[in-house]
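Student: Got a structure here, written out as structure tokens. Questions coming.
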Amino acid sequence: MCDEEVAALVVDNGSGMCKAGFAGDDAPRAVFPSIVGRPRHQGVMVGMGQKDSYVGDEAQSKRGILTLKYPIEHGIVTNWDDMEKIWHHTFYNELRVAPEEHPVLLTEAPLNPKANREKMTQIMFETFNTPAMYVAIQAVLSLYASGRTTGIVLDSGDGVSHTVPIYEGYALPHAILRLDLAGRDLTDYLMKILTERGYSFTTTAEREIVRDIKEKLCYVALDFEQEMATAASSSSLEKSYELPDGQVITIGNERFRCPEALFQPSFLGMEANGIHETTYNSIMKCDVDIRKDLYANTVLSGGTTMYPGIADRMQKEITRLAPSTMKIKIIAPPERKYSVWIGGSILASLSTFQQMWISKQEYDESGPSIVHRKCF
């Protein structure tokens with residue numbers, strides 16, 4: 001690692017999108033869907049030199065003839081063959097680098113099973129022959145990106161949400177809470193409530209259209225009941241959206257009913273607590289002496305925290321739950337969609353981090369379990 005010229009690669013594998021690029025950059029070079037698609041029917045497209053699988057944007061653009069699979073479910077890798085395809089695509093097609101020439105920083109979900117970290121480590125060294133690698137917890141990287149080492153991160157992506165209290169740079173595992181409610185569930189819920197309005201969206205391809213509607217038009221209401229009343233009495237909240245075939249649909253209270261499920265999971269038929277209660281419960285699992293620091297440094301991260309109005313609503317809900325004298329601050333950086341990646345870029349380019357890498361030599365001596373000793 002003495003040769004300073006070699007940039008480390010930073011790869012943040014999310015359930016919905018993969019973010020990849022070079023350490024020291026301020027944004028990922030490549031952002032593409034974590035999707036592997038396989039043809040539904042053999043040889044429909046004659047002379048297309050049909051491949052047996054497509055990854056990312058190419059899978060997305062050919063989605064009409066493919067069956068789409070997400071190898072990462074709820075933040076955890078469940079299909080390693082497809083995951084390998086995604087990494088291969090990341091290195092060779094997106095970043096156009098030789099992985100055997102660069103250290104690689106990967107990210108993992110909080111509470112990721114030990115066997116999974118070992119498998120990631122094994123694939124990096126044995127399949128891609130990387131000279132060095134490291135596995136970092138996503139939420140911790142988001143906190144670094146906000147310039148902090150202590151705080152609680154609400155990280156909500158496409159497949160899973162976590163509340164992760166972090167003290168002096170270390171995640172506190174006993175207080176981490178996971179909520180299996182995230183972007184994909186909200187997309188499904190929006191499909192359902194749009195169907196109630198008379199618009200039908202059913203296929204995996206149509207789900208992507210609904211995801212786009214969600215990202216462009218949804219917002220979080222500060223007061224849900226009041227917003228519902230406003231929507232019922234006037235058309236001021238209605239917006240129109242043009243579908244790919246040119247048909248225009250109108251959406252009203254669905255705009256805020258969809259993300260309201262984050263605060264009221266009962267909308268989805270789930271018995272779980274909302275993101276505000278989960279954050280509060282996570283703080284309450286921590287030592288009484290550090291709670292003040294967590295309340296004052298509540299950091300939002302991930303694509304599902306991108307809804308307009310979400311920070312104000314969190315502030316209101318947590319103020320309600322916390323002791324009345326407590327200072328509560330919700331930090332919602334504008335780049336929070338990519339803050340895990342940005343934190344990884346910062347970490348991998350620190351001079352003090354260079355001795356933290358797991359080297360190929362250490363891996364050869366100790367095997368995959370080295371990851372538990374060096375990454376925490």
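Each residue, glycine too, has its Cβ placed from N, Cα and C.
Per Swiss-Prot, N-acetylcysteine is recorded for Cys2, and the stated evidence type is similarity to another entry. The feature N-acetylaspartate is assigned by Swiss-Prot to Asp3. What Swiss-Prot records for Met45, Met48 is methionine (R)-sulfoxide, and it gives similarity to another entry as the kind of evidence. According to Swiss-Prot, the tele-methylhistidine annotation covers His74. What Swiss-Prot records for Lys85 is N6-methyllysine, and it gives similarity to another entry as the kind of evidence.
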Student: Round to the nearest Å and give the CA-to-CA distance linking His74 (tele-methylhistidine) with the residue listed as 'N6-methyllysine'.
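Tutor: Distance between the two Cα atoms comes out at 19 Å.
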Student: Based on DSSP, name the secondary structure state of His74 (tele-methylhistidine): helix, strand or coil.
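Tutor: The residue in question, His74 (tele-methylhistidine), is coil (DSSP, three-state).
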